[in-house]
Amino acid sequence: MGKLVALVLLGVGLSLVGEMFLAFRERVNASREVEPVEPENCHLIEELESGSEDIDILPSGLAFISSGLKYPGMPNFAPDEPGKIFLMDLNEQNPRAQALEISGGFDKELFNPHGISIFIDKDNTVYLYVVNHPHMKSTVEIFKFEEQQRSLVYLKTIKHELLKSVNDIVVLGPEQFYATRDHYFTNSLLSFFEMILDLRWTYVLFYSPREVKVVAKGFCSANGITVSADQKYVYVADVAAKNIHIMEKHDNWDLTQLKVIQLGTLVDNLTVDPATGDILAGCHPNPMKLLNYNPEDPPGSEVLRIQNVLSEKPRVSTVYANNGSVLQGTSVASVYHGKILIGTVFHKTLYCEL
């Protein structure tokens, strides 16, 4: 009798899991395909073959690119190679990417870079903050950029018990930043069920040497984060919920949600067009192809522009869309003077002149 009860309970449990998985597939638009939107003047960057998960561009046009991310459940074309930070000068007629040398005693063999953020100090010194996943844990690395030598000098590693499963950061002061946590569980299997169950246990935290605190919570999977040009508002992408949260920043660093913009596609990293204040979002139109990678039927790419962010009816338009024949798994798009760099989690990088 006990075995029969156990079998019945197992059957009920498996049935519930199956129903939840089907609901998850529907929730994330698993079978969605995109109509192509491709600017005419585009080409792939030869030097970037192992992803360009995040991109941040200085006002001078120098673009920093994180490459080589190894992330649970995602493809990787160079699993034995450590990650790198690349630099591109978008002022050049035919910009190329070069890997930046890192000095200062940093363990480059364990470098697994994810989200990045630039901070320019009052004396114009440029610092690069990098989310790193050595041994699949989460730290934030601080580097100083040496422009003449085109290199990075390692300064410091930040660790904290709240800095777990960190995805992205945006730096607003010396060692002062917001960071997103994309999964509550760090175990791959548990984090998978976390998404299926739509638990919404992830959050945004604020870090400073004096204070570390959760400032926004209730996200399914808090992902990309950036700040408005005037630094009054913080934008947070909830990738599995397919939306962007518009948050007001207060003097004590707390955040208050003003609105949520639904996009109907899985939103990864966010950047702001410095010329217009528009949000650019790198998106995943068909995530199941990303999780179950098949080179014969690859995941597509999508970049959206969100205009009039604070208005009652923001305008959403497609900047780029491809079925995976050119670019797979778009994670970010960043613009500079009519030029756009489109990065991916594990694939190539596209440069276009708009």
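Heads up, the Cβ atoms here are built off N, Cα and C, so glycines get one too.
Swiss-Prot lists a disulfide bond between Cys42 and one candidate from Cys283, Cys352; that candidate is Cys352.
Record check: Swiss-Prot places Asn167, Asn223, Asp268, Asn269 at the Ca(2+) 1 site, and the matching candidate among Glu47, Glu49, Glu53 is Glu53. Going by what Swiss-Prot states, the Ca(2+) 2 site holds Asp54, Asp168, and the candidate of Ile102, Ile116, Ile118, Ile120 recorded there is Ile116.
According to Swiss-Prot, of the residues Ser15, Ser67, Ser165, Ser221, Ser165 is the one noted as phosphoserine.
Using a 10 Å Cα-Cα cut-off from Ile116 (Ca(2+) 2 binding site), the recorded positions that qualify among Cys42, Glu53, Asp268, Asn323, Cys352 are Glu53. Cβ proximity to the Ca(2+) 2 site centre (mean Cβ of Asp54, Ile116, Asp168, cutoff 8 Å) flags the following additional same-chain residues: Glu53, Ile55, Asp56, Ser66, Pro113, His114, Gly115, Ser117, Val130, Val131, Ile169, Gly224, Asn269, Val332. Among the recorded positions Cys42, Asp168, Asn323, Cys352, the ones whose Cα sits within 10 Å of the Cα of Asn223 (Ca(2+) 1 binding site) are Asp168. His114 (active site, proton acceptor) is 6 Å away from Glu53 (Ca(2+) 1 binding site) when you measure Cα to Cα.
Residues Asp54, His114, Gly115, Asp168, Asp182, Gly224, Ala237, Val239, Gly282, Ser331, Val332, Val345 surround the recorded Ca(2+) 1 site, their Cβ atoms falling within 8 Å of the Cβ centroid of Glu53, Asn167, Asn223, Asp268, Asn269, which are themselves excluded.
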